[in-house]
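Here is the structure we will look at, set down as structure tokens.
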């Protein structure tokens, strides 16, 4: 019967909803929720264990304790359901209602809601325009507030202390009204007339001049408008009625031994009820004011504690000295409702066990212990047993399974056939942390895992555990098989490279197979086929590494898919010929005819996937693995102590270094070098000695001398096991071998500084006690760092996911013509990332032309795949404008064309792909590999930074970027502009190298001149900053008076005198206003002009400039008038690794940021103040001047009279992303963040596609600030979603009104997550109280657009397979709103549609 009822219950339609609104509850609303008033603080009767009447667990209010049974037991059973017992007043119904029925408490005196009082900015304070301090004094009964001044001189809202109040009473009697406590605040709030206030403020806003006042008024206005539009009333921020949570959500559980465990909420409610009842009694008794006041204050405090304990004053503690957990604590934090129960739940049909290796499995299989499978698939087995007639009832089936009858195992085999299971390893850092496999039943208790998927899971077999989940429904199984099967996840979503590459043993085996040995057994034999090679190897006629000639047959696949066979004879080895047997048809033999290291194998798999597709690759990967394991076993590669060969030269090299160190030590003692220099030099000496030793060691290890067939000695790569492991990329590296057989080298202290005495021993020789002790430092620091790093990296990932979670591909093409310009990344003389890698898989935004013509090479909207990239390289294209998510025009999502290729699938991205989450995971997952340290520049690094020339590495021709220059008397070019760059272009017009050159650089070659590799083409003095003349003439000193603005200094060694300008601070009062400068005059004494302008050629001299010329000296173009000594830049710490990435994504301002020019114009310096210079920029068109005060110690890059462009650097330093966005635009800030983040990852050798970083940047840029409102609803200075403004503007333009203008704003990821439109998503991220308070006051509604909100309300997410469900729902909703239009369709059209559908279905294979 009960089941029948449940069934009937399910038939009733659940409520469909499209959004969730949050608001303030009015007292009447709270009463309407309630099923009765709770009047007593009692919980249950401790003798009978029955709930007390009118108490906190009262059955009359909240419902029966047992299903369909009233409290006194008069009515039992189902037939009475719905009856209310006349004896005990309990409704006969399910006990489940105790989870949903609320009660209420009528408060004897109103109480302020602490969230609206204390959550900053205080809403009550803003509303009343009073300070929080004052309101608190009123609420907690320390002072009076005037409510109704009447005809008196008092003002409404004025604070009165006790004495003032008594004085006023004497003076005015009862003409005025003043109160204290929440009643007073309630009255004040009730008296506010929202519409009138809003009107007033809107009128006075334009006339306000002071910035702070304007901000305050805008804030208040926004709050008032929020209240007004949402229909909330301000007085509802004060509670008159308190709702009571349903009792089953705050349970009271009997423990054994007669004690009870209770939720803290019960204690808190009990306090409130006790105080409320006492207050009622006091009011009835008309007790003295002071007692009532005290009781009211206590009531206020107890309600505060219930809502948010510890927000004000000391937290109320329970019996165990711990603060009680209030309602606010229930929902916030990691253990709160959101993160613990809504976003992550524990699920059934899951198990976990240790993993072991399964080298015999296929890629799509995993070994599942029989015991586990039996438990996981129980319901399926019961069903099958019953269906087969082996068991009559479920109970019998249960018994059979418990006894483990033989038939059960047969049934189990059938049940799991083709039923995929999902394996997950924590921490799941990216989507490859959960994959589906077909289970294979095994004996034992450990799960077997295929070795190739270990890289994706980051799993090893040292005791890792993994969880198994069973997809139950058909849809779930389908998804697991079609999307999550390990065979479908061959490429990494982070960079599009294969993620199932062999590693360790497999690599070693394949490498060993493909090596060649001089004069091996069978060298020089000829074979007619690979089969014959196999025979020769099996019979021992030829060994694995013998160099032989073999005739091979290759399959060549043409462009049209035609397969042709070709035969040729190749020089190869026996092993490589054997490898070619597993090579799939269609791949060239050359791919295995080389030493197969890890990189080569990865490339081989990649090529296979791109050329032959998924299926062949999967089979091939498995074959590679089996082969690799087999030959690794045969090779017998193992490590013995004799494999670590210590080079003989080591001891002489170490002795030389020690002698050098002694010499430096002596120089230091005789005072020739400073302590710092000595330290740096010593470290350099040891570092280079270490390099030399390791070089000798590697040469020693990597080659051996053998006698070839002609009896001559010849060198060949060695078969030393350690060397083979490192060379193949299986395990270990040169740096680790150096510690085994070279010297351990320099060690760092825990604080990061380097200890100057290195460890000269290696592990083979063994360490002495001191050396061992020094080594422990590093090892321990490593462990501590790792722990910190994991936490930090996890937090970064969480913030990234949160900011990007709602970004989904929702349309094919937004049609924008914008894009980012991609060029190869060149740093100095190296191409760090070629153009090919940057544009592969992106869509062209603007036609790419053949160089030097107007013909289109790649039209707009082409998806650049491998073939297209080859074409671009062929025609040496070196910049392409590609579509990017940053410039995508789609509202609330992105389009497929702007995103380009789905990296994990290799084709254009599908609709509904959750690119935001994928991007966040791709950036966050390698986070644990990044370092945590900040790099100190010292020693070798600091000297390298003072370069003074450019030496080219490639020949080509010279090209200058944004450079102004003059030609000096020697015919050489002198650069007279700031951020100039010099590039080397090869004969095809591709940029090969790029260097920054400072002001005053002398170029040895003219522009466009040919240069040879190794030429030095530019020189400058790194220690001084010259001032260079652009005209020739004689010089005139102005305002240069000896002893006032300058002094003469004579160099002791040379006897030359030079003039040094005094700093303003050092001059006497006479020289303060003087501006020393050099004017250039012609032969007739007239002022010369700078060529092409009307500006007289005069050069101001800043403080401490050195002039080596005399008055009236002749000077030529390009000569230095003066030199300004550069203080060697202070050693800046470079933040590296994880902290740097976090800083970039949080868009934090650096400590001393670069100062950029706000407008274009001419520089001049105004009046100086004590510590600052006044920089003035005058625009050329005579607009408004821009002034900025800059601290004196900042090194300026500009001189008086110089022209700057907007966004140019005025003072050096790390650039702030906000400034770049403001002054140089979106494209520049995107490039800056992408390149900076990539630099950090590149240093660790991690590849991440630029797209992912762009996705995050798009989310950081999703807000804008309204600069002028036009005819829109927005307020000036308001922060709004860009897509909102765009939509509003489209409507306004359609109606012919003035659209709003806005400036994009860059928010850090935490700020951006909290500023999202969905309050549910923001609340579940951080600062829950603040977010919810703000949302409630604004009456916000959440349209459940993102992924997180939908997970929280328990729906399918609007991404992936859930995307279609949401799309149909939204279309249905739109249809409901639209007038019905009947769609007519002809038969031929229907036929065509069907054909298209079938074609589509066929193309998905």
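One-based numbering along the chain as shown.
Note: Cβ is positioned from N, Cα and C throughout, glycine not excepted.
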Message = Looking at the Zn(2+) 2 binding annotation from Swiss-Prot, with 888, 895, 898 already listed, which candidate in 608, 814 is the matching residue?
response = 814
Inquiry  = Can you tell me the CA-to-CA distance separating residue 462 (Mg(2+) binding site) and residue 70 (Zn(2+) 1 binding site), as a whole number of Å?
reply    = 58
Ask   = Using an 8 Å cut-off from the Cβ centroid of 814, 888, 895, 898, can you name the remaining same-chain residues around the Zn(2+) 2 site, in sequence order?
value = 811, 813, 816, 883, 885, 887, 889, 890, 894, 896, 897, 899
Ask   = Looking only at 460, 462, 464, the binding-site residues on record, which one has the least crowded Cβ, with the fewest other Cβ atoms within 10 Å?
value = 462
Ask   = Given the Zn(2+) 1 site residues 70, 72, 85, 88, which other residues of that chain have a Cβ within 8 Å of the mean position of their Cβ atoms, reported in sequence order?
value = 71, 73, 74, 75, 86, 87, 89, 90
Key: Residues within 8 Å of the 460, 462, 464 Cβ centre (excluding the Mg(2+) site residues themselves)   = 355, 459, 461, 463
Remark   = The answer, for which of the binding-site residues 70, 85 has its Cβ ringed by the most other Cβ atoms inside 10 Å, is 70
Task = Spatially speaking, which of the binding-site residues 460, 464, 888, 895 is closest to residue 85 (Zn(2+) 1 binding site)? Use C-alpha to C-alpha, please.
result = 464
Inquiry  = Of the binding-site residues 460, 464, 888, 895, 898, which one has its Cα closest to the Cα of residue 72 (Zn(2+) 1 binding site)?
reply    = 464
Key: residue 814 (Zn(2+) 2 binding site) CB neighbourhood, other CB atoms within 10 A   = 19
Request  = Enter the number of other CB atoms within 10 angstroms of the CB of residue 895 (Zn(2+) 2 binding site).
outcome  = 22
Inquiry  = Of 88, 814, 888, which is closest to residue 464 (Mg(2+) binding site) if I measure between C-alpha atoms? They're all binding-site residues.
reply    = 888
Ask   = Which three-state DSSP class does residue 895 (Zn(2+) 2 binding site) fall into?
value = strand
Query = Out of 72, 88, which of the binding-site residues is least crowded by other Cβ atoms within 10 Å?
reply = 72
Ask   = Near residue 888 (Zn(2+) 2 binding site), which residues of its chain come within a Cβ-Cβ distance under 8 Å, counting only those 6 or more away in sequence?
value = 814, 816, 894, 895, 898, 899, 1258
